[in-house]
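K.L.:
One structure coming up, written as structure tokens, with questions to follow.
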Amino acid sequence: MAGTLDLDKGCTVEELLRGCIEAFDDSGKVRDPQLVRMFLMMHPWYIPSSQLAAKLLHIYQQSRKDNSSSLQVKTCHLVRYWISAFPAEFDLNPELAEQIKELKALLDQEGNRRHSSLIDIENVPTYKWKRQVTQRNPVEQKKRKMSLLFDHLEPLELAAHLTYLEYRSFCKILFQDYHSFVTHGCTVDNPVLERFISLFNSVSQWVQLMILSKPTAPQRAGVITHFVHVAEELLHLQNFNTLMAVVGGLSHSSISRLKETHSHVSPETIKLWEGLTELVTATGNYGNYRRRLAACVGFRFPILGVHLKDLVALQLALPDWLDPARTRLNGAKMKQLFSILEELAMVTSLRPPVQANPDLLSLLMVSLDQYQTEDELYQLSLQREPRSKSSPTSPTTCTPPPRPPVLEEWTSAAKPKLDQAIMVEHIEKMVESVFRNFDVDGDGHISQEEFQIIRGNFPYLSAFGDLDQNQDGCISKEEMVSYFLRSSSMLGGRMGFVHNFHESNSLRPVACRHCKALILGIYKQGLKCRACGVNCHKQCKDRLSVECRRRAQSMSLEGSAPSPSPTHTHHRAFSFSLPRPGRRGSRPPEIREEEVQTVEDGVFDIHL
């Protein structure tokens, strides 16, 4: 740091600005780059960038009166450094850009071409894409044709695509997003950070749903094993953020309670799982993770939630200013904040060592917006292994690792609602990918045979005839796009999970799945779902939170569907497979384990 400044004792903004100017020599060489970069990155924490630009303009004008040519050129070197190091500020802040243009115009009027040439504000690239909630960047096609069936993806391939998706989303986060989160304590008016958080949550939920989508314990154990190896590959890629999401999904209560499932997981996998869980545990303020991160070389993706907690803790523990008049900023706090934010900023300077398949990304981007509540996940877990089921007698006595502490205040953020135009764009790209990979004969239409192949990725698609609107025996791109748009809007983002109720008589009392009270009488006082058999009172239909769990089978989208519960916020989603539960008995609290089905079991999707 500059010798004349003692940041630990505090200093004014003007003193720190002067110290940054004096850090340059007349040739533009900076003697204290850490001080300069820290102040230019951190100044919005204390004053708006427009005020800083005004101070620089004032210093330059004052140096002209004092005939201090050295101060003039040093000021211009600082402005050049600012534009070079943080160009997004100038593209996204028109007021700031205009002030710098004003300084450049002043230099031109004076005929000072040498100083003016140092300030290149006209060629700042656009960064408006950083403010868009979703953005698809072109990526190189892989030479070999990658399978679009999620079950066919090797752990490394899946880890690479997860890394690519999260990295692309992370690169849009700017300093102002971190500052807003720390000052507000939440993601209010912060859609970019909120979207990244929802992606983290989506990965965690997707892991749970992929496990719970399998009807038998050995199959679920196989999915757990697969995701443990995905987590291992994420560690090799030094992607700790997605590693935390995957481990969190594996250790969630809806999965950890599946005792029979865990009895089929090998001891070797359990040992690996325990090691990965221990790495991201909160013990010792995430000491294991911090040590591993510090030892990383090259690309690394830190756990954003951990570092956001650090920022919030600093904000609460230390004041921004050391005096009531707010003239002397807290330099010690600034240095600590900078060390955290600089670590996060380094992520965007190094690209991950992965390549992504555009078609697979399009499918994943659509499936990402599936949303399930904690209660819905737990209900599905109870369907798989009801509470009353006795523990299995098995030679394998493996138990799942304890669930790592969850960053509740961070991961519980609601999913931001995408606008219609963005949703249409994703659906169209997804449909293009489907036709490019599954239209075998290349005639621009999907035949019934090709449709059955597609169901490997979209098991909750309705019957072929529901998509074939003109009934010509094949499905066009327009018909498939129309189907997804219609389904998403009509079902409130819950495709494949909506009950198909009809009035039902019962010769004996049955319990309402919502209120648990008996449905009495034989005069059609109750409703029953044709697909899954769930019963409820007519007045309870709209409040029923249990979703229809029948497997992909013909069910018209025009059938009756309950209105979404006012207590739940539904977000758009697209249909993906969950296996069908077995027929319920007369005793409602429990659901018998379904029989193994010979039809396709569905593929990963639900929630990447």
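Heads up, the Cβ atoms here are built off N, Cα and C, so glycines get one too.
Feature annotation from Swiss-Prot assigns Ca(2+) 1 binding site to Asp439, Asp441, Asp443, His445, Glu450. Taken from Swiss-Prot, the feature Ca(2+) 2 binding site covers Asp468, Asn470, Asp472, Cys474, Glu479, and the record attributes it to sequence analysis. Among the features that Swiss-Prot reports, domain 'N-terminal Ras-GEF' is placed at 4-126, with the record citing sequence analysis. Per Swiss-Prot, domain 'Ras-GEF' is recorded for 154-387, and the stated evidence type is sequence analysis. Annotated region 'Disordered' per Swiss-Prot: 382-407, 556-591, in sequence order. As annotated by Swiss-Prot, zinc finger applies to 498-548.
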K.L.:
Could you pull the average pLDDT for the domain 'Ras-GEF' (154-387)?
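P.N.:
Per the prediction, mean pLDDT sits at 90 for the domain 'Ras-GEF' (154-387).
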K.L.:
Measuring CA to CA, name the entry from the binding-site residues Asp468, Asn470, Asp472, Cys474 that ends up nearest Glu450 (Ca(2+) 1 binding site).
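P.N.:
Nearest in space to Glu450 (Ca(2+) 1 binding site), counting only the binding-site residues, is Cys474.
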K.L.:
Neighbours of the Ca(2+) 2 site Asp468, Asn470, Asp472, Cys474, Glu479: Cβ within 8 Å of the Cβ centroid, same chain, sequence order.
P.N.:
His445, Leu467, Gln469, Gln471, Gly473, Ile475, Ser476
K.L.:
Do you see any of the binding-site residues Asp468, Asn470, Asp472, Cys474, Glu479 whose C-alpha is within 10 Å of Asp441 (Ca(2+) 1 binding site), and which ones?
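P.N.:
Cα within 10 Å of Asp441 (Ca(2+) 1 binding site): none.
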K.L.:
Residues other than Asp439, Asp441, Asp443, His445, Glu450 within 8 Å, Cβ to Cβ centroid, of the Ca(2+) 1 site?
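P.N.:
So the extra residues in range turn out to be Phe435, Val440, Gly442, Gly444, Ile446, Ser447, Cys474.
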K.L.:
Looking at the binding-site residues Asn470, Cys474, Glu479, whose Cα is closest in space to that of Asp443 (Ca(2+) 1 binding site)?
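P.N.:
Closest recorded candidate to Asp443 (Ca(2+) 1 binding site) by Cα: Cys474.
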K.L.:
Across the domain 'N-terminal Ras-GEF' (4-126), what are the DSSP residue counts per state (helix, strand, coil)?
P.N.:
86 helix, 3 strand, 34 coil
K.L.:
Check the DSSP secondary structure of Asp439 (Ca(2+) 1 binding site), expressed as helix, strand or coil.
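P.N.:
Where Asp439 (Ca(2+) 1 binding site) sits, the three-state DSSP reduction gives coil.
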K.L.:
Measuring Cα to Cα, how many angstrom lie between Asp472 (Ca(2+) 2 binding site) and Asp439 (Ca(2+) 1 binding site)?
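P.N.:
Spelling it out, the Cα of Asp472 (Ca(2+) 2 binding site) and the Cα of Asp439 (Ca(2+) 1 binding site) are 16 Å apart.
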K.L.:
Report, in whole Å, the straight Cα-to-Cα distance of Cys474 (Ca(2+) 2 binding site) from Asp439 (Ca(2+) 1 binding site).
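P.N.:
Distance between the two Cα atoms comes out at 11 Å.
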K.L.:
In sequence order, which residues at least six apart in the same chain have a CB under 8 Å from the CB of Glu479 (Ca(2+) 2 binding site)?
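P.N.:
Counting only residues 6 or more apart in sequence, the Cβ neighbours of Glu479 (Ca(2+) 2 binding site) under 8 Å are Leu467, Asp468, Gln469, Asn470.
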